[in-house]
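*Asks:* Below you'll find the structure I mean.
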Amino acid sequence: MASFDVIIIGGGPGGYVCAIRCAQLGLKVGVVEGRDTLGGTCLNVGCIPSKALLHATHSLHEAEHNFAKMGLKGKSPSVDWDQMKAYKQETIDGNTKGIEFLFKKNKVTWLKGWGTIPAAGQVKVGDEVHEAKSIVIATGSEPASLAGVEVDEKTIVTSTGALVLNKIPKSMVVIGAGVIGLEMGSVYARLGTEVTVVEYLDAITPGMDAEVAKAFQKILTKQGIKFILGAAVQGATAKGGKAKVTYKLRKDDSEVTLDTDCVLVATGRKPYVDGLGLEALGVEMEKRGQVKTHHFATNIKGVYALGDAIVGPMLAHKAEDEGMALAEILAGKSGHVNYDVIPGVIYTTPEVASVGQTEEQLKEAGRAYKVGKFSFMGNARAKAIFQADGFVKILADKDTDRILGAHIIGPMAGDLIHEVCVAMEFGASAQDLALTCHAHPTYSEAVREAALACGDGAIHA
Ligand SMILES: Cc1cc2nc3c(=O)[nH]c(=O)nc-3n(C[C@H](O)[C@H](O)[C@H](O)COP(=O)(O)OP(=O)(O)OC[C@H]3O[C@@H](n4cnc5c(N)ncnc54)[C@H](O)[C@@H]3O)c2cc1C
């Protein structure tokens, strides 16, 4: 048995960041992780492996479609799927080992195994019970299931199975047009798979600014992805390495069955708190299965929770921010997360990024706002790399000019969004962005132009 100031259950981005910050603030920390490697969903089966495959297949797309235009002639590369998966695994390994190194550097103890909480102040790992003044539940999430769809992780897969398919399927049906479905759908579409996305709602990427979602769907359609919207999946079955997906069109109740080589179920994720003993401990839960918290504290004294296991967007950086904030609180300081400024990014080509409010949300709230929009057609750098299809849209208060939200579809959108995040954290106006000198030629000039468009107008429009 060992005693700690803090034991964190879960070594994902929420848990490991919380641990490192706790250690930096002088607390004795243990992290319980049952996986063989640290980094949680994000590093092992989420953000990082998917981005490795997106990078590899984007490079293939460039070779197939754009190299010749730039005078780079010759045969396009052929795909060695096993090598691509090996590259992805090396990327994972490098990153998970990196967290192990950071644990050693910061003197965080990794308690290897699956943890339970037999009582407040105690965490059991294997046969050992450890003591802690504070316990943090950072156990993350798992793929949500869908009635009538039986996942075997071979023919009918979640995102986890989609990262390690034995071979590249000829066809794939993706159930759900959210971030994960579209990212993995893009990967396979670029590898030559015929991808059909079936979505219950009438638009893709629920919650996204509608204008951006529409433009995004158009671009993905041009890339060969097929969309069936307003379709409620009734079930999916696998037999002999093939699958059938049945859906009902909501507009006329007609039923359609698709034959396919692979089905990716990407209908979201649900909090994972199995086996922790929360019920016996009396921890209050939300209706949708998350641990109920107030400033990360549960109703049980000394037990906290964060990341995908609690309410809020299921994003690695949201979990990390919560990890840092909670560490500060546990060290007697004040920790804070500004949930109004959490960016969201889709790492397709083009990337899509957003922060703050959408136009639909502002309308619903009855807020007077103005829109500054700038097309990447007016951005020299985007044109040079054949990615001028998208735009930057900034929403600002009509009277005060304060930035309320930003939505970008275009090259490096996931990086560009952060200047708007910083601006929003400082309560900046669109004019503040517009008056800031931006280096030329950069994609970020499009952000400045959109800010200019909130005032007297963009220059290159
Ligand atoms: C395919 C995919 C792509 C994604 N891409 C992105 C992206 O690009 N950007 C982004 O921000 N987010 C992305 N996400 C979401 C992101 O991975 C999660 O939001 C993030 O990992 C949540 O962090 P967490 O620390 O709360 O939990 P997790 O990362 O899920 O970590 C929880 C850890 O707890 C461990 N654990 C659980 N129970 C126990 C127990 N009882 N004892 C010991 N250990 C336990 C688990 O093994 C796991 O390692 C993606 C997710 C997926 C699936």
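Just so you know, glycine gets a Cβ as well, placed from its N, Cα and C.
Relevant sequence annotations retrieved from TrEMBL are reproduced here:
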DOMAIN    4-323  domain 'FAD/NAD(P)-binding'
DISULFID  CYS42-CYS47  disulfide bond
BINDING   LYS51, GLY115, THR139, GLY140, SER141, ASP308, MET314, LEU315, ALA316, HIS317  FAD binding site
BINDING   GLY176, ALA177, GLY178, VAL179, ILE180, GLY181, LEU182, GLU183, GLU199, GLY268  NAD(+) binding site
DOMAIN    342-451  domain 'Pyridine nucleotide-disulphide oxidoreductase dimerisation'
ACT_SITE  HIS440  active site, proton acceptor
*Asks:* Name them in sequence order: residues not among GLY176, ALA177, GLY178, VAL179, ILE180, GLY181, LEU182, GLU183, GLU199, GLY268 whose Cβ is within 8 Å of the mean position of the Cβ atoms defining the NAD(+) site.
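*Replies:* Apart from the listed residues, the neighbours are VAL174, GLY185, VAL197, ILE204, THR205, ALA266, THR267.
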*Asks:* Does any of CYS42, GLY176, GLY178, LEU182, GLU199, HIS440 have a Cβ within less than 6 Å of an atom of ligand 1? These are the recorded positions; tell me which, or none.
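*Replies:* CYS42, by Cβ distance under 6 Å.
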*Asks:* Measure from the Cα of LEU182 (NAD(+) binding site) to the Cα of every one of the binding-site residues THR139, SER141, MET314, then give the nearest.
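*Replies:* With Cα distances computed to LEU182 (NAD(+) binding site), the winner among THR139, SER141, MET314 is MET314.
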*Asks:* List, in sequence order, the same-chain residues at least six positions removed whose CB sits under 8 Å from that of LYS51 (FAD binding site)?
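*Replies:* Those within reach of LYS51 (FAD binding site), by Cβ under 8 Å and sequence separation of 6 or more, are TYR347.
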*Asks:* If I take the Cα of HIS440 (active site, proton acceptor) as reference, which of the recorded positions CYS42, CYS47, THR139, SER141, GLU199 has the closest Cα?
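*Replies:* Looking at Cα distances from HIS440 (active site, proton acceptor), the smallest one goes to CYS47.
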*Asks:* Considering Cα atoms only, can you say which of CYS42, CYS47, SER141 is the nearest neighbour of GLY178 (NAD(+) binding site) among these recorded positions?
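*Replies:* The smallest Cα gap between GLY178 (NAD(+) binding site) and any of the recorded positions is with CYS47.
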*Asks:* Output, ordered by sequence, the same-chain residues six or more apart from SER141 (FAD binding site) with a CB under 8 Å from its CB, or 'none'.
*Replies:* THR41, ARG269, LYS270, PRO271, TYR272, ASP308, ALA309, MET314
*Asks:* Give me the Cα-Cα distance between ALA316 (FAD binding site) and CYS42 (disulfide bond), rounded to a whole Å.
*Replies:* 7
*Asks:* Record lists LYS51, GLY115, THR139, GLY140, SER141, ASP308, MET314, LEU315, ALA316, HIS317 as binding FAD; longest Cα-Cα distance in Å?
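*Replies:* Taking every pair of listed residues, the largest Cα separation comes to 30 Å.
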*Asks:* Tell me the Cβ neighbour count for GLU199 (NAD(+) binding site), meaning other Cβ atoms within 10 Å of its Cβ, over all protein chains shown.
*Replies:* 27
*Asks:* So, by DSSP, how many helix, strand and coil residues make up the domain 'Pyridine nucleotide-disulphide oxidoreductase dimerisation' (342-451)?
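*Replies:* DSSP composition of the domain 'Pyridine nucleotide-disulphide oxidoreductase dimerisation' (342-451): 40 helix, 33 strand, 37 coil.
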*Asks:* When DSSP is mapped onto helix/strand/coil, what comes out for GLY178 (NAD(+) binding site)?
*Replies:* coil
*Asks:* Cα-Cα, whole number of Å: GLY176 (NAD(+) binding site) versus THR139 (FAD binding site)?
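*Replies:* Taking the Cα atoms only, GLY176 (NAD(+) binding site) lies 24 Å from THR139 (FAD binding site).
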*Asks:* Count the other Cβ atoms sitting within 10 Å of the Cβ of ILE180 (NAD(+) binding site), across every protein chain shown.
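*Replies:* Taking every protein chain into account, the count is 23.
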*Asks:* How far is it from CYS47 (disulfide bond) to ILE180 (NAD(+) binding site), counting Cα to Cα, in Å?
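*Replies:* On Cα coordinates alone, these residues lie 9 Å apart.
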*Asks:* Just to confirm: which same-chain residues, 6+ apart in sequence, have a Cβ under 8 Å from the Cβ of CYS42 (disulfide bond)?
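*Replies:* Long-range Cβ contacts: GLY12, PRO13, ILE48, ALA316, ALA319.
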